[in-house]
Amino acid sequence: IFVLVCLCLLGDNNPKESSPFINSSDVAAEKSQQYDGKHMALFEEEMDTIPMVSSLLSSLANYSNLTQGSKEHEEAENNEAESSRKKPIKAPQLGTLMGVYLPCIQNIFGVILFLRMTWLVGIGGVIGTFVIVFMCCTTTMLTAISMSAIATNGVVPAGGSYYMISRSLGPEFGGAVGICFYLGTTFAGAMYILGAIELLLIYIAPKAAIFPLEGLEGAEAEAALLNNMRVYGTLLLTSMATVVFVGVKYVNKLALVFLACVILSILAVYAGVIKTGIDPPDFPVCLLGNRTLISKKFDVCAKTMESSNGTMVTTQLWNMFCDSPFLNATCDRYFSDNNVTRIQGIPGVTSGILADNLFGNYYEKGDLVANKDAASVEGVDDPMTNSNSYVLADITSFFTLLVGIYFPSVTGIMAGSNRSGDLRDAQKSIPIGTIAAITTTSLVYMSSVILFGACIEGVVLRDKFGEGVNGNLVIGTLAWPSPWVIVIGSFFSTCGAGLQSLTGAPRLMQAIAKDGLVPILRVRFLVVVFSLLVWFVTTLCTALQIFGHAKANGEPTWSLLLTACICEIGILIASLDLVAPILSMFFLMCYMFVNLACALQTLLRTPNWRPRFKFYHWALSFLGMSLCLTLMFLCSWYYAIVAMVIAGSIYKYIEFSGAEKEWGDGIRGLSLSAARYALMRLEEGPPHTKNWRPQLLVLVSMDGEQNVEQPRLLSLTNQLKAGKGLTIVGTALEGTYLLNHEQAQRAEQALHKLMETEKVKGFCLATVSSNLRDATSHLIQSSGLGGLKHNAVLVSWPRNWKQADERQTWRNFVELVRETTAASLALLVPKNIAAFPSNGERFSEGHIDVWWIVHDGGMLMLLPFLLRQHKVWRKCKMRIFTVAQLDDNSIQMKKDLTTFLYHLRIDAMVEVVEMHDSDISAYTYEKTLVMEQRSQILKQINLSKNEREREIQSITDSSRGSIRRKNPAAVTTQLSVTEDQPGASKEEKPEEEVQLIHDTTTPASPATPATPLTPEAVQSPGQQVQMTWSEKSDGEPAKPPGAATPEGIKDIFNMKPEWENLNQSNVRRMHTALRLNEVILKKSSEAKLVLLNMPGPPKNRSGDENYMEFLEVLTEGLNRVLLVRGGGREVITIYS
């Protein structure tokens, strides 16, 4: 119980958000007994969902920050505890000194201090090296301050730095940086092991080499040394891994021994510095001219010496440069021209040598380590001979290289936080122990730089392996009482640091694995491996599932095995100077994100950000982050890029795999703050035409099983989203929210699942209201937030609107059209949505035809352009048709439209269709008659039985009345087609002036159909609305007759009696729809998609059904139609 409660408090995104007391009969019974008689009657109905405070506090008091893992691991451990099948095993409870301070000290005082620090001072100079040390120590101190703030802001379970980063920056950043930090810690173990082997083979037991170095020179000697380090490094790694496997308590016990060696070694150095001021040690260095000689190859620093009988004899040094031991031998020219001098390698702290060592001396590989102040005679063109007798630079040195080599010496600051699962109080121990350790080590490092420069001769400082001082460790020559104190102490120190790395790294991997961020990779993903880097990342991520397991005592066995294998890779590199910059990259990246996490949390001021550590500031965190980034590129810009690519690959993989974790991280908080800021900016005014994008509200309907009835609507949405705008998918549910909120949640889940399937990025929303009409209206009014609202509505055409049980559907549709018009929203109505292509289909050819009848702000131009950005429509060509009236110049219209499209940067073919007045056909009258009869019958359905019978009788009597001939001049003529004219667009006019179907006024006459009622025409009595379209009564002047065809004249003089009382406005509209449909079918019957201006609904609601009939006639026979209504504003512009 307490584990689950604490997980909720820690922010773990456990799907079981309810209390652990739920659905537990035993606990419920116990609770009911606790509540009895304790004045808790007010809360007795909520006893099953809300625990008592006393129970909660008791659980929290018993909390132990053991290793936290994934949900499955936690539940398994909880079940085991409940069933008492396994006795709980307490992890080691370490305090600040043993758990944080000493491990940090031991890691920081590692291999670099003893093996490379004197060389860094000699190459970079006291000033340059002090700058490097100060910059690196400042970086780690600022990082420790940020880490302390994060660590004291809540319980820190196992994982340490990974836990802090992931909970502060989110699972993607946490996983990426956590794995990088794990790799850095693992390679650090390899670096410490390599340092220990270097001490062993060069300074302690050179004769122990399996591959002997004697007699080898140059590349052969270097290769032999590397092979020896590989063999011995592997053996030492195996031994250390075995110790760690046995248990962390043994590492802690050995840590005391190793730490004692570190402290004794450092004290020996300081004692040696003091002694040099009193009695400098005798470590002579032999120079030939200004060149440093390798002292192991001779015994006396002289060319000749006086024998016991008073004669001059040659020395071993003479034999190194001359072809014979005789005084008349031929010798090396430089040897002959220069004298051999002997200088003191440790002149002492009072010698004033500090002034000579202030500035750096950088070398190319193979350069001579020389004393600038010594006299030297050499010819300009003389080649260098006997180079193996001199001390040479083994690598090319420069300032940034020194930064990369030195920085690993300060990377031990996370040694304590990595073992946070073993700490008694991580919130207290991590800040105090880490900052104290950094302060201690920083003072030692900075003082060491100055003291080394003040005590040791420059040529000795630049001698990396002490070849000029009889092969002694350079820092050992300074130590008191013996150089062996430093050699032995540094060996055990590096071994201890390696053990600490092998202890912390597996626990870090275990914490990452148990969080479940990286799922098992799918086989199809492994097939598409493009490079070795991706293979490495994916293999490592796959392994995380295995390496989360541990022994019964919590030791991460499999993680230790993985760590040892990766550490072996570093050992096979076998070069301390090559491994060190790699570590720097991974550690610096981790430190950078620790600082970023603290800065973000501070600036966002989230309510949960309440660290006990108060000595932090966002400016310090940003400074630390900037220093980390600077040091990354100072060390090695290409290593920095590689490290970022690795972290980015892991980040994208976790994001792609769907890390479903909600930890209240700072990145999410930053997103919320950025969203708020952006929304406030959007409120400042409407977007410019250039920034207009279709922000779609997609209205779908659900069936009884909560499945979307029009899934192709979301396919079309995906194809329209080349504009990258907002998408809201909404559905309306009928009922009350209190009773239907679960249904609404299931509907939203179904919508979300379909959106993922169709790859539609956006939001889903289910609204519940007493009726579907109001629910849809609520969606239109309230969807979106602030300035980020939808500007277009996408809704499917009501396919079966003529059926009796679909009466309310088409009525809601017409009201939806009216509401979008009133709200100045664009409306997109796909007809025959089931025939639209899915996202997986491809059109290899075809056309997208645009019929531009009235100006809609450019929607008809923009939508095809967006569609053609999608792979489904990419190969379709665009054609634009426009209609020319009788008095329009179609040729000029085509030119103007072509120019307009050119300025819009839209490629399309242009055609102008000429349509002039023509007589109304008999088919038009018949079609209108059927429509009005149906409307009249629907009207009667709402009457009572007696009223219905009387009304039907009156209709029948009316049909038998006198027949009046209609005056042909009164017939309003409409459109005819000249088929051989290509088309362009009509001039832009206000929509009210050029509306295709408009409310012009004609004398109203009762619609009295004369034909008998057919069974097909009678609708079910359940319909509740009349559909007759009534007109205004202020009259309209009759149009002059147009050029009538013989068929038209025949129709006029052969009018049926039923036609004469038809509403002439409806006749004209039907004529327009029929003629326009005829020409669209002729031109665009083979088009893949037809986009068409959608006429507006009648202002008088009594004609809604007629409006639906007109739209049906207008689009009849077309396979895919997208009806479009503009939102009353321009959406496309010719300007840049």
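From the backbone N, Cα and C atoms, a Cβ is placed for every residue, glycine too.
Listed in TrEMBL:
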- 94-113: transmembrane segment (TRANSMEM)
- 119-137: transmembrane segment (TRANSMEM)
- 144-164: transmembrane segment (TRANSMEM)
- 176-204: transmembrane segment (TRANSMEM)
- 231-248: transmembrane segment (TRANSMEM)
- 254-273: transmembrane segment (TRANSMEM)
- 391-415: transmembrane segment (TRANSMEM)
- 435-461: transmembrane segment (TRANSMEM)
- 473-499: transmembrane segment (TRANSMEM)
- 525-546: transmembrane segment (TRANSMEM)
- 582-603: transmembrane segment (TRANSMEM)
- 615-640: transmembrane segment (TRANSMEM)
- 711-827: domain 'SLC12A transporter C-terminal' (DOMAIN)
- 842-967: domain 'SLC12A transporter C-terminal' (DOMAIN)
- 970-979: compositional bias 'Polar residues' (COMPBIAS)
- 1000-1017: compositional bias 'Low complexity' (COMPBIAS)
- 1020-1030: compositional bias 'Polar residues' (COMPBIAS)
- 1068-1136: domain 'SLC12A transporter C-terminal' (DOMAIN)
Confidence summary for the domain 'SLC12A transporter C-terminal' (1068-1136), mean pLDDT rounded: 80
Seg_contact(the transmembrane segment (254-273), the transmembrane segment (119-137)) with at least 3 CB pairs under 8 angstroms, min sep 6: no
The transmembrane segment (473-499) in contact with the transmembrane segment (435-461), cutoff 8 A, at least 3 CB pairs, sep 6+: yes
Range from 94-113, 176-204, 231-248, 391-415 with the greatest count of C-beta pairs under 8 A to the transmembrane segment (119-137): 391-415
Within the domain 'SLC12A transporter C-terminal' (711-827), residues counted as helix, strand or coil by DSSP: 64 helix, 23 strand, 30 coil
The transmembrane segment (176-204) versus listed stretches 94-113, 231-248, 435-461, 582-603: most Cβ pairs under 8 Å: 582-603
Candidates 94-113, 231-248, 435-461, 582-603; stretch with most C-beta pairs under 8 Å toward the transmembrane segment (391-415): 94-113
Most Cβ pairs under 8 Å with the transmembrane segment (94-113), selected from 231-248, 435-461, 582-603: 435-461
Positions whose Cβ lies under 8 angstroms from the transmembrane segment (582-603), at least six residues beyond its ends: 139-140, 142-143, 145-147, 149-150, 153, 161, 164-165, 168-169, 173, 177, 180-181, 183-184, 187-188, 191, 403-404, 407-408, 411, 414, 570, 609, 616-618, 621-622, 624-625, 628-629, 631-632, 635-636, 639-640, 642-644, 647, 666-667, 669-670
Distant-in-sequence neighbours of the transmembrane segment (435-461), which means Cβ under 8 A and at least six residues beyond its ends: 100-101, 104-105, 108-109, 113, 117-119, 121-123, 125-126, 129-130, 133-134, 137, 140-141, 144-145, 148, 266, 269-270, 272-273, 276, 283, 285, 287, 292, 343-349, 351, 353-354, 356-358, 361, 369-372, 391, 409-410, 412-413, 416, 468-469, 474-475, 477-478
